[in-house]
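So the structure is just underneath, and the comments pick up after that.
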């Protein structure tokens, strides 16, 4: 990134209403407890509509039936999405059995949704079941605290089951960072777990009384895999190992993908390298980055409030120097690292500890019993007999981890009988979508429900041009907020309106380049026509090992985005 002429450290002006809401919330309590007892509405009112996000929930409604209910003079069918806090995506089989039961008995849709932030979501929780879901999670050692809104969200960690010691060390740091940056308010325990109010005054030494200016995302990355897409995140710790043992981290700050259609003050941005730090400084540095963003982030405009905008406003070197000052360290030069891929290796792999790990492809992360493919039941049966754990990946897949040789055949039999090991193409394995319709209130176009048939068409194009054994990193996101991480794909579709998308090209396979808009507001048939031509050219003209995104740049089909704060919209 180029060093912009430094602007003010703090943006003066009228604060957003979200800042008022946080300040008046009494450390995130609001009147949520009273609202829970209001049976006249299925939703939360006023500030509570937003405050519940700090408790891991979003209020949604079924948009497929919204108009019909309005005609009947009924309020929307309100239901909550709940997102679990699950650092590194590791979940025990006992915990899995509990969430399977809750999803089946207490949600409208009956499904478990794995997300690309290495956790699971329940969709369709009615208000009467909101308190029970938090209590169920607590009973098995889980919670939903700080998985949404202006806090440090679920901390990601590379799903690396092969190098077991390195993964274990990195995973422990992901958990430590998550715990260190959690809010200290007792509001969650008081409201959901019926814990008594104590006489002490709440304090938030790291997050502050009004918490962060905007959402904040953190990762721990183990090269050469970039499965967690570090450039989508505010703060990234890239593991540096010597002889298979973790010795420290490279720190990268200021990634983020959310944009707003037509608003050139918004942009996706890759993270900036700050330097290397030994392990013992990890928590101090994490706290310093968060508190610098807390104090310098823009609280007058939520569309310009994320860390990426703070870095561009004050300058990377200024922000870095402040982190060094607060953490009491000087960063060492970045240690060498490289990424070679970010997809999951589907199927069995043997770890260096001689245990086996089975990565299951879960299309769109949606776990449900389908006709002839009882995925949810199959995973429950595996959870009942498996002695290791499950690991949710940042590609919305699931790893059955730590399987001894003696148990391998038994688990494989259940997986195959349940449709969990059905063969899929490389293209389908490397495609992803966010949830979008019918539950997401921000959705502009279909994503999860659109992707399977769209990939059928892409598979046909790949076969037509003789590249069925290849893949293109392809992602669909239903709106420009970018949950599907389309703005780090080789081919990214960003929802614009029902049935219409902006087509972005020119990202790369390893997720280190932002794609540029190639065509705007086009239909599926127009997208397929464009890709038919371009895949054909790639098949004929590519260099050895050249990915589709790199080809589109080299062939002059699309100009690479070099400095997105300045040239993304050119």
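Just so it is clear, glycine is given a Cβ too, placed from its N, Cα and C backbone atoms.
Since the structure is predicted, the reported quantities are computational estimates derived from the model, not experimental observations.
The following features are taken from Swiss-Prot:
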BINDING   434, 440, 479, 483  [4Fe-4S] cluster binding site
BINDING   483  siroheme binding site
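Shown on the structure are the features that Swiss-Prot records.
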residue: 434; record: [4Fe-4S] cluster binding site; Cβ neighbours (10 Å): 27
residue: 440; record: [4Fe-4S] cluster binding site; Cβ neighbours (10 Å): 21
residue: 479; record: [4Fe-4S] cluster binding site; Cβ neighbours (10 Å): 23
residue: 483; record: [4Fe-4S] cluster binding site; Cβ neighbours (10 Å): 23
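Apart from 434, 440, 479, 483, the residues listed for [4Fe-4S] cluster, the same chain places the Cβ atoms of 435, 436, 442, 443, 447, 477, 478, 481, 482, 484, 495 within 8 Å of the centroid of those Cβ atoms.
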